[in-house]
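Here TrEMBL flags 114-294 as domain 'Malic enzyme N-terminal'. The active site, proton donor annotation in TrEMBL covers TYR137. According to TrEMBL, the feature (S)-malate binding site maps to ARG190. Annotation source TrEMBL lists active site, proton acceptor at LYS208. Here TrEMBL flags GLU279, ASP280, ASP303 as divalent metal cation binding site. Summarising the annotation, TrEMBL assigns domain 'Malic enzyme NAD-binding' to 304-418.
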Amino acid sequence: MWRHAAARRSAQIRRLLSTSAPSAGAGSAVRGPCIVHKRGTDILHDPWYNKDTAFPLTERDRLGLRGLLPPRVMSFEQQYERFINSYHSLEHNTQGEPDSVVSLAKWRILNRLHDRNETLYYRVLIDNIKDFAPIIYTPTVGLVCENYSGLFRRPRGMYFSAKDKGEMMSMIYNWPAEKVDMIVVTDGSRILGLGDLGVQGIGIPIGKLDVYVAAAGINPQKVLPIMLDVGTNNEELLEDKLYLGLRQPRLEGEEYLAVVDEFMEAVHARWPKAIVQFEDFQMKWAFETLQRYRSRFCMFNDDVQGTAGVALAGLLGAVRAQGRPLADFTKQKIVVVGAGSAGIGVLNMAKHAMLRMPGTHKIGELGEGHNQFWVLDKDGLITKSRKDLDPAVARFARGYGPEEVEDLHEGASLLMVRSRK
């Protein structure tokens with residue numbers, strides 16, 4: 001399935017690239033001329049226009065490249081084969097090394113290609129998405145984020161920080177693309193399961209958008225990864241001499257929201273139709289920003305809504321797989337392990353789906369305590385006796401009594417909850 005989808009998208013992106021950048025090599029079909037306003041080394045240093053040794057002699061003359069490249073002209077296909085051979089050679093040479101070392105080495109070779117030749121980079125990703133998706137995104141992207149300050153070689157995307165307050169409306173016009181269709185933004189506060197990684201969380205938007213280009217056919221010239229740096233509470237990063245972000249504690253409350261407000265207004269002013277995807281925000285801000293912006297801007301939160309949408313599809317599919325009508329979804333027992341934004345997002349979407357089922361019109365018809373829903377975190381079952389619960393979690397905390405958890409207790413294990421009828 002991966003390979004068939006990749007083949008279709010590869011053809012789409014190749015058609016797109018042929019009209020947006022110089023021809024991929026001798027003999028490549030180009031629909032029309034590509035006007036290039038750069039010459040010489042400026043072209044070689046621009047990964048969108050650079051073709052390395054694939055520039056034919058006529059283009060080398062016109063673009064002032066003769067003498068700046070080795071004399072041999074290689075076709076795009078030959079460059080592709082050379083990279084794949086180098087990648088397989090890396091795999092062979094790193095046999096026996098720890099998985100983390102091998103994964104980072106693979107990420108580096110792909111990142112170097114991305115830095116110098118985006119056309120070849122995306123062709124490689126599209127044709128080999130099944131093999132490379134775990135390298136450009138999870139699980140390797142977690143390692144990349146943890147080590148990003150040491151791995152940093154070239155900026156990618158945009159960085160808006162708390163120090164830029166009052167300047168964001170003008171900053172947004174520093175991005176060279178006239179049109180942006182898709183933005184992925186993070187504040188680095190909850191990167192995967194790794195916690196607060198500050199500015200190093202930029203690896204998540206970069207990796208996510210690469211997957212969107214390779215697997216969904218989004219125009220790579222119209223995507224923008226963004227980092228909102230409002231500080232970090234990670235003491236190790238604050239003491240790290242290589243750390244590239246603001247060396248201050250995270251903004252909270254109205255100060256935090258003021259930064260995000262200004263950012264959203266700036267994006268909307270320049271690209272009013274761009275989709276803004278919020279990614280890996282800690283739970284309190286994930287829900288707060290979603291409610292704050294969803295009616296005003298074209299945005300969504302991937303952890304709260306994206307994960308929940310996929311999970312709900314699986315839950316409804318499970319009902320059908322049992323040969324039961326979808327209306328029986330309201331009778332299912334749903335246990336979520338993890339009380340973060342993704343877990344609570346799944347519960348919210350499941351609850352709303354139940355309320356839309358025929359014959360169900362209000363919360364009371366699902367039971368006063370939402371008896372179908374159980375949520376656990378690292379400390380076990382969450383009940384109303386738990387102190388300092390986030391309001392989003394408290395809605396699904398279990399009470400006590402015959403209709404609730406009379407035979408269970410705060411912190412009960414997953415096995416105990418599962419065995420309760």
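Any Cβ shown, glycine's included, is placed from N, Cα and C.
Structure coloured by features recorded in TrEMBL.
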{"residue": "TYR137", "record": "active site, proton donor", "contacts (Cβ under 8 Å, 6+ apart)": "GLY207, LYS208, ASP210, VAL211"}
{"residue": "ARG190", "record": "(S)-malate binding site", "contacts (Cβ under 8 Å, 6+ apart)": "ASP196, ASP280, PHE281, GLN282, MET283, GLY340, SER341"}
{"residue": "GLU279", "record": "divalent metal cation binding site", "contacts (Cβ under 8 Å, 6+ apart)": "VAL184, VAL185, THR186, ILE204, PRO205, LYS208, ASN301, ASP302, ASP303"}
Divalent metal cation site, defined by GLU279, ASP280, ASP303: further same-chain residues with Cβ within 8 Å of the Cβ centre: THR186, ARG190, ILE204, PHE278, PHE281, ALA286, ASN301, ASP302, SER341
Counts by DSSP class (helix H/G/I, strand E/B, coil) across the domain 'Malic enzyme NAD-binding' (304-418): 52 helix, 13 strand, 50 coil
Segment confidence, the domain 'Malic enzyme NAD-binding' (304-418), expressed as mean pLDDT: 83
Protein Cβ atoms within 10 Å of ASP280 (divalent metal cation binding site), excluding its own: 26
